[in-house]
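Before any comments, here is the structure.
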């Protein structure tokens, strides 16, 4: 699943490719992907000009002026731009024809991606309803707020970080990396974390997601950016996908286990489980 660094990389690519372009026609092959009114989606988008491409957590925000097209890539979603003819592909589901003759295509093998066309004035309410946490930046991701939320919850720390309420943008790859860097076992109850662990989790979340953006995201499975290029963050992953390899910190073999139904990579020596 694309996580914050991958979505930010896609955002940057899309802004390069389609900024200022007018949408002249839209073809939708999988109606269930649109979560707002279908008729409004089909009739309103033609004539709209793409003014910017933003991001909030794992959501892409295609700014159309008074409206925003909110796109979530879910497991396998990606965007491709074709300058003229679009090849046949059963996984191409949404086609945005642009005035310059090119077509922006949304591809999704799993068909889990979503689109919401909403008024820009409703954007804050849209994310408030989903209880989306702050962006992982020092200016917005406040340590005291993070600490208070953790200490009031019995939820295991990995599922808690994944639910997007504490901080926006973490997924399975980067949560494993953050927990390893902070030396925290993923099954530790949030309320049992001490102040030093909480600070490490906070600081490593900011650092690791920023590094992921710098490296263009992690190309594992099928991720590519909007320009069709791989990311390089996979070369910097310390524990995710490293089962059986030595921990970069202590040399103990990395193990894989299930936490909250998710495959999870840890160093059993550095991330000891509390009794």
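Using the three backbone atoms N, Cα and C, a Cβ is placed for every residue, glycine included.
Swiss-Prot annotations:
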- 2: active site, schiff-base intermediate with DNA (ACT_SITE)
- 3: active site, proton donor (ACT_SITE)
- 58: active site, proton donor (ACT_SITE)
- 262: active site, proton donor (ACT_SITE)
- 91, 110: DNA binding site (BINDING)
- 238-272: zinc finger (ZN_FING)
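Feature annotations (Swiss-Prot) mapped to structure.
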residue : record                                         : CB count, 10 Å
2       : active site, schiff-base intermediate with DNA : 26
3       : active site, proton donor                      : 23
58      : active site, proton donor                      : 22
91      : DNA binding site                               : 14
110     : DNA binding site                               : 12
262     : active site, proton donor                      : 15
The zinc finger (238-272) - residue tally per DSSP class, helix then strand then coil: 0 helix, 12 strand, 23 coil
Spatial neighbours of the residue listed as 'active site, schiff-base intermediate with DNA' among the recorded positions 91, 110, 262 [C-alpha, 10 Å]: none
Length of the line joining the Cα atoms of residue 262 (active site, proton donor) and residue 3 (active site, proton donor), in Å: 15
Pairwise Cα distance for residue 91 (DNA binding site)/residue 58 (active site, proton donor) [Å, integer]: 21
Where residue 91 (DNA binding site) sits in the secondary structure, as DSSP reduces it to three classes: coil
Distance from residue 3 (active site, proton donor) back to residue 110 (DNA binding site), taken between C-alpha atoms, in Å: 16
Rounded Cα separation (Å) that holds between residue 58 (active site, proton donor) and residue 3 (active site, proton donor): 6
